[in-house]
Amino acid sequence: MADPAECNIKVMCRFRPLNESEVNRGDKYVAKFQGEDTVMIASKPYAFDRVFQSSTSQEQVYNDCAKKIVKDVLEGYNGTIFAYGQTSSGKTHTMEGKLHDPEGMGIIPRIVQDIFNYIYSMDENLEFHIKVSYFEIYLDKIRDLLDVSKTNLSVHEDKNRVPYVKGCTERFVCSPDEVMDTIDEGKSNRHVAVTNMNEHSSRSHSIFLINVKQENTQTEQKLSGKLYLVDLAGSEKVSKTGAEGAVLDEAKNINKSLSALGNVISALAEGSTYVPYRDSKMTRILQDSLGGNCRTTIVICCSPSSYNESETKSTLLFGQRAKTIKNTVCVNVELTAEQWKKKYEKEKEKNKTLRNTIQWLENELNRWRNGETVPIDEQFDKEKANLEAFTADKDIAITSDKPAAAVGMAGSFTDAERRKCEEELAKLYKQLDDKDEEINQQSQLVEKLKTQMLDQEELLASTRRDQDNMQAELNRLQAENDASKEEVKEVLQALEELAVNYDQKSQEVEDKTKEYELLSDELNQKSATLASIDAELQKLKEMTNHQKKRAAEMMASLLKDLAEIGIAVGNNDVKQPEGTGMIDEEFTVARLYISKMKSEVKTMVKRCKQLESTQTESNKKMEENEKELAACQLRISQHEAKIKSLTEYLQNVEQKKRQLEESVDSLGEELVQLRAQEKVHEMEKEHLNKVQTANEVKQAVEQQIQSHRETHQKQISSLRDEVEAKEKLITDLQDQNQKMVLEQERLRVEHERLKATDQEKSRKLHELTVMQDRREQARQDLKGLEETVAKELQTLHNLRKLFVQDLATRVKKSAEVDSDDTGGSAAQKQKISFLENNLEQLTKVHKQLVRDNADLRCELPKLEKRLRATAERVKALESALKEAKENASRDRKRYQQEVDRIKEAVRSKNMARRGHSAQIAKPIRPGQHPAASPTHPGTVRGGGSFVQNNQPVGLRGGGGKQS
């Protein structure tokens, strides 16, 4: 076990509300609260760790009383929570509550759930073995609630002198559901009874024990913790509870065991050397919880009623006494071989220090006995003694080394380096002393030595008597000191290894710190992502609520419209007949309405088919017109392209014509000039003898030029004629194109007009068809109504005839029998008057039916008109409803997809987060066949579990899948 530490028992006080009987009795609420830790009863304050008022919820009580103990139990400490108080003060409600109600459950079901949740969040290298027991102390006998055949179990002590119930059933569990099933099973076997103060009074003390063992698969460290959850029976006054017979015997035993508990609390509070644990089996079982190795929380439950004021004060005094008790708690650790070795070495070092202290004190004592005065600087000093012991051990270790090693050390280390190493070793020794938590023990040793110095004379006398024994003991210690020289070498080597390991561990710590920082950054990122997803989910919830509200409003409006239709059809226009014909007439009206609806549906189907055929024909006509229009547009575009090409060609021809005319003019002029020059040259060659013919040549040249001009003029006129012809052709083509455009526009207008005419005719045809169908339907409905009315009238007429015949027959028989009595008896007269009244009523009914028939015929057109309006309204509502359903379906599908996406994201995050959580391994017990292979026992991840063949199956936290 680890080093112990002291802690006080925590005491919580809870007041229940006034119950119904106390309210009816007119009791006063005597408790007054001051802050969260003090309550006033009759002007006297009582202070506790926490005081809960009557309005405190179960969850708040659990958070303040029990939530911290879960962590302590899983870290290897023992824990106890028990409720104390008088009967009907709310102890069972505090400890158990409503086991399966999330708000009303008490400490036990909440702590069970928290244990598993905490395990899932722990290191994945941990394996857990969890087993539970449930028993009660009834009539001072221990009775197993999970096996009712075990009715008188005994209390024993283990090797550590810790009490336990021998033979009690222990069940291995691996999920909260299994624990709750065990609690339900045990609770069904517990003793309860009805008293004047409580309808479900516990007649026994119940103890639910959770034993948790954990093992680190890497370091092989094993921890164990026990959690006692105790529901005590309440103290009783027979005058108030009205106990009799067996209930009275139970009350005696309950009060006796609670009195023993009070004696134990008083003895512990007063610091008595004797504590009467064995006076009761309950105090024997709770011995470790009261003053032992356990973190204990007591919940004292009180009644605020003035009727129970004395019992409340007694309970508060009990809590105040219990609050002063101190427990010494330590971690329950099973040490490994390596840990035992380290502990052994540690104890050897302590033993060596104590021996040096004894030797120092003996030397000082001998000097005092010899009459010497020991100076203050030579008297015993703990720090000086430790330093000299360390130096002596070092000298012994150095002198005991081999010569070769000494030579090597002398050769390799100088005095300065040796001193430095010695200082370093001294620092390491000091650190080891600090880490081994020897401060407390050294202080205890100092206190003991001070006490010894105060009683020095008595100590001197005792040492004189035991001098011989001490001399022998000194000889033995000297021999042990010689033997421990070798151990000093081992210690030095261990220190060197420890220094190396320390460096390695420091490096590992740095690496782990960096890894932790990276994981922290990643966790912050994941948290931010989760926050954004939560915000998005909130938006989706708001959108969903808006859509739901909108759908609800639409449905409300639809229901309102349908209600108006029902009122218009069923209540106002149809008159309720009188007398016995009401049911028949309602049946007739309903049948008529159903037949109308059937015929209306048939008419609608026919009309839809006709509209479909008409629409098909219109579509065909529209397609033909569109094709014709497309052909016209194609021809127009072709003509436009042709006109454009001809215009371009005409422009090119005109340009070429101008160029040719210019070139011809220039060439003609050049030719004339050349010919004139040639003739002039020829004439010059003939010299002067031909001067007289110059005029003739000149005339000839002028004539030739004139002929060329005429030829050019003719060519120009012919080209101009050709240009005029081309322009005329262009004008004709433009006129033709304009006509085609106008024709196209006319065709388009004609097409639109035909289309509109077709639509108008279709609409009129539809209206005429609807009118014809409605008239036909009204005719058929009227015919059916007339037939129905005729049948009803015929039936009434036949009944009237039969009734008249029967009446005549009876009157005739009565006249024959009573022919002598002309006046007749009073009974016969009454009978005749009754029949006459019936006949008169039938006649009135017949007339009323005739009038109703006439009214119905008059109201038939109105009803048909209203029915048509109703049908149109129903169609509009159906279309709106269909559209709303489609929109709602789309929104629901989109919302479902978004929810699935968010669930998948959250599930993946949970899987990633649980991937490094703790494990609850399946315990292996002798005599059982494993559920899986012998080398790999089956496990269940993520809290899932199953029980097969009554074998305990455990958990590995952080998963969700069975191996």
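Note that Cβ sites are derived from N, Cα and C of the backbone, with glycine treated the same way.
Look at Swiss-Prot and you will find Ala2 tagged as N-acetylalanine.
The feature domain 'Kinesin motor' is assigned by Swiss-Prot to 8-325, with sequence analysis given as support.
The ATP binding site annotation in Swiss-Prot covers Gly85, Gln86, Thr87, Ser88, Ser89, Gly90, Lys91, Thr92. Sequence-distant contacts of Ser89 (ATP binding site), defined as residues of its own chain at least six apart whose C-beta falls under 8 angstroms from its C-beta, comprise Arg16, Gly234, Cys301, Cys302, Ser303, Asn308, Thr315. In this structure, Ser89 (ATP binding site) belongs to neither helix nor strand by DSSP; it is coil.
The SUMO2 cross-link annotation in Swiss-Prot covers Lys213, and the record cites similarity to another entry as its basis. Lys213 (SUMO2 cross-link) falls within a strand segment according to DSSP. Long-range Cβ neighbours of Lys213 (SUMO2 cross-link) (same chain, at least 6 residues apart, Cβ-Cβ under 8 Å): Phe128, His129, Ile130, Lys222, Leu223, Ser224.
For 329-914, the entry in Swiss-Prot reads coiled coil. The average pLDDT computed for the coiled coil (329-914) is 73.
Annotation comment: Swiss-Prot describes 908-963 as region 'Disordered'.
According to Swiss-Prot, the feature region 'Globular' maps to 915-963.
According to Swiss-Prot, the feature phosphoserine maps to Ser933 (among others).
Residues annotated as phosphoserine in Swiss-Prot: Ser945 (among others).
Summarising the annotation, Swiss-Prot assigns omega-N-methylarginine to Arg956 and lists a large-scale study or a structure entry as the type of evidence.
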Position of peak Cβ density within 10 Å, selected from the binding-site residues Gly85, Gly90: Gly85
Neighbour count (Cβ, 10 Å) for Ser88 (ATP binding site): 27
